[in-house]
């Protein structure tokens, strides 16, 4: 891929990147972070940082984990929103209830829920890519109650080829066949799945965990889901950059 000139955004981008295993999501995340100088927010890192610093939420989460339980969605959302508020990217709950107005180009978010939805900074420096959360529709709904994301990108698996008789799968980015289009073991031709068009993306999503399809349908209904496909990571990256430029440049 030829190097693209890094660009500054014109307004804040609050992004989630979704991709099935092997779709190259990590590669694209790294390229977007570098190109647009976005901040990466890992839900796992935020959780571990709160546990290490012995915050109230960190202690609560640690207690649950030590007992073998799972961290509730509400706790994870509060951890994430707390990190966003600490960085000045969203209004804190205390500021909202006290009526304090933030500065820095804010937009009040929410569909008629101004009383409870936090305001988010629209400054370009408040842009971030959220990793590891949400993974389910319920988690997305919990996050929506606090602050809206404004673009969810689905990277589709059009770089995958299959040897149908055996089920062997090749990825043209990280696990290509030795001979293009040919199965390594049998020498027989590989095929590409026929359902790569946008009209049938829901069918492709059935390969994901059961929780993933409702998550993407949730964001599709919200009007912020955008799909991108390509045969290789190098083909997908310029499309991602162009779309983010179009929306936030």
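Cβ atoms are placed via backbone N, Cα and C, with glycine included.
Under the heading GTP binding site, TrEMBL lists 22, 23, 24, 25, 26, 27, 160, 169, 170, 233.
Long-range Cβ neighbours of residue 43 (AMP binding site) (same chain, at least 6 residues apart, Cβ-Cβ under 8 Å): 76, 79, 80, 130, 131, 132, 133. According to TrEMBL, the feature AMP binding site maps to 43, 48, 69, 70, 71, 132, 133, 134, 135, 139, 193, 204.
Per TrEMBL, the feature domain 'Adenylate kinase active site lid' maps to 160-195. Per-residue confidence over the domain 'Adenylate kinase active site lid' (160-195) averages 80 (mean pLDDT, predicted model).
The region 'NMPbind' annotation in TrEMBL covers 42-71. Taking Cβ pairs closer than 8 Å, the region 'NMPbind' (42-71) reaches residues 78-80, 82-83, 130-133 in its own chain, all 6 or more past its ends.
Residues annotated as region 'LID' in TrEMBL: 159-196.
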**Q.** Residue among the binding-site residues 26, 69 whose Cβ has the most other Cβ atoms within 10 Å
**A.** 26
Q. Hey, how far is residue 135 (AMP binding site) from residue 26 (GTP binding site), Cα to Cα, in Å?
A. 16
(Q) Cα-Cα, whole number of Å: residue 26 (GTP binding site) versus residue 71 (AMP binding site)? (A) 24
Q. Just how many other Cβ atoms lie inside 10 Å of the Cβ on residue 170 (GTP binding site)?
A. 22
Q: Have a look around residue 133 (AMP binding site) and count the other CB atoms within 10 A of its CB, chains all included.
A: 22
